[in-house]
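S.K.: Below is one structure. I have some questions about it.
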Ligand code: AMP
C-alpha cells in the first residue's frame, strides 16, 4: 500500500472539511464535512467508496469532538496506518510564510500572531491544528497558506497608497488569498498549453462563494484582486468587493453605522445577495434572471462587468495575456458568466467556442475558445486539497 496518504483539514469557525488523499495518485479515499460545530444538531457527513454516510453529534459538540470522531472513523476504515501527515489549510500567513511549513512551536506562534489580520479565519484554523495535533500526535502537521503564493508580488502591487508607517508598523498591505487554487490551476494551464520553461502570462479566475483573480507571470503571482482581507476586488456571493473607502465615513457620520455593522454589511449582506435582494447563490441568480427577475439580471451583469474589467487590467502587470483560466464553483460551471466575460474581453482577442463552453461543466475541463486564436480561455477544476496533500507529504518526507 502507498505510504503517501495525507489527512487534509480545512477548519472553519463552525465547520471542518476533511479528506484523505493519496498525494502520489491524487486518489481520494475519504472526504467529508463536519458542520454546525458548536451549534444545534451538528453532524459529520462523509463519503467513502462512493457511499455517503452521516454521523450525528450532540448539541454544542465542537471541533475537538468532531476530530475525535474523525480519528475513530479513520481507524475503523483502516486508513490510519498509511497516513504520513496532516495538512492544514491556513488562511493567512502574513509575510511570515512564502511557502508551506511544518508546524513547530515557532510556526504556531507566527500563525497566532497573524490572527489579527484574519480574525474570522486563523483562530478557526488554529482550533483544527490543536485538535489534530492532540489526536494524531505521531504525525507531522503541515500548514498550507492561502496567502503564500502571492508573496512574490512586488511592493508596487502589494502596497496601498497609505502612510508607509501603517505597513511598517502594522503589516497593512495587500496579501491576496485563494493562493493554493491560483497556483494549482495556473500550473495546470502552463502544462496544458505547453508553456513549461517558456515565458507565460496567465490570468486565473477563482469564482466561488469568494471570488478573486490572479495575474501569474512565468508561474509566479504578480498581482491579485484580494487585499488585506478577502473582501477587496470582485463582486462575490455576499461580499461587495471594491467600494469607495469614503463610504465608511458616510455610513458612520450620516447613517450611524458602527464598525461591526459596516463589516457585516460589506461581508455578509452585499455582492450578488445585496444587489439581487434574492440570493447569494449564483445558480439561483442565473435561473431567476432567465425567468425575468430584473435585480437578479442586474446582479449578474455587474458581477460580469467588474470581473471583465479586473481581468483586462491584469494585462498591465503581465504585459499581455496568453490565457485566462476559469475555476471554482462558478468558473467551472457557469457557461453564462464565462460567455459574458469573454464577450466583453473580445477586444483582447478572445474568441469563444459556444459548444465547448456549454460542454465545460461538472468537472469537465478544457479550452473554451476556438483553439487557434490567442489568448486562450480554459476551464480547469481546482484541487486545493491535492496541493495541500502534496505539500504535506513532501515536507513530512524532508523531516
Ligand atoms: P464554491 O465556493 O467554489 O463551492 O462555489 C459556490 C458557487 O458556485 C455558488 O454560488 C454556486 O451557486 C455556484 N455554482 C455551482 N454550480 C453552478 C452552476 N451549475 N451554475 C452556476 N453557478 C454554479
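Placement of Cβ uses the backbone N, Cα and C atoms for every residue, glycine included.
A TrEMBL annotation is a machine prediction, not a hand-curated record.
Pulled from TrEMBL, these are the listed features:
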- 146: active site, proton donor/acceptor (ACT_SITE)
- 10, 384: Mg(2+) binding site (BINDING)
- 17, 206, 207, 208, 209, 210, 281, 282, 283, 329, 330, 331, 332, 333: ATP binding site (BINDING)
- 89: substrate binding site (BINDING)
- 178: site 'Transition state stabilizer' (SITE)
- 239: site 'Transition state stabilizer' (SITE)
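Map the listed features onto the structure and describe their local environment.
M.R.: Of all the Cβ atoms in the protein chains shown, 27 others lie within 10 Å of the Cβ of residue 146 (active site, proton donor/acceptor).
Cβ neighbours of residue 384 (Mg(2+) binding site) (same chain, under 8 Å, six or more residues apart in sequence): 10, 89, 180, 181, 184.
In the three-state DSSP classification, residue 283 (ATP binding site) falls within a helix.
In the three-state DSSP reading, residue 89 (substrate binding site) counts as strand. Residue 89 (substrate binding site): 22 other CB atoms within 10 A of its CB, across all protein chains.
For residue 178 (site 'Transition state stabilizer'), the same-chain residues that are 6 or more apart in sequence and have a Cβ closer than 8 Å to its Cβ are 146, 206, 210, 212, 214, 224, 226, 230. In the three-state DSSP assignment, the secondary structure recorded for residue 178 (site 'Transition state stabilizer') is coil.
A simple way to gauge crowding: the CB of residue 239 (site 'Transition state stabilizer') has 26 other CB atoms within 10 angstroms, across all the protein chains here.
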S.K.: Please compare the binding-site residues 281, 332 by how many other CB atoms fall within 10 Å of each one's CB, and tell me which has the fewest.
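M.R.: Among the binding-site residues 281, 332, the lowest count of other Cβ atoms within 10 Å belongs to 281.
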S.K.: Which one is it: of the binding-site residues 17, 283, which Cβ has the fewest other Cβ atoms within 10 Å in this structure?
M.R.: 283
S.K.: Enumerate in sequence order the recorded positions 146, 178, 209, 281, 330 whose Cβ-atom distance to ligand 1 is under 6 angstroms.
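M.R.: Listed by sequence, the hits are 209, 281, 330.
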S.K.: Which of 10, 209 has the fewest nearby Cβ atoms, counting only those within 10 Å, among these binding-site residues?
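M.R.: Per-residue Cβ counts within 10 Å for the binding-site residues 10, 209 bottom out at 209.
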S.K.: Can you see whether DSSP assigns residue 10 (Mg(2+) binding site) to helix, strand or coil?
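M.R.: Reduced to three states, the DSSP call for residue 10 (Mg(2+) binding site) is strand.
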S.K.: Across all the protein chains here, work out how many other Cβ atoms are within 10 Å of the Cβ of residue 207 (ATP binding site).
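M.R.: For residue 207 (ATP binding site), the 10 Å Cβ neighbour count is 27.
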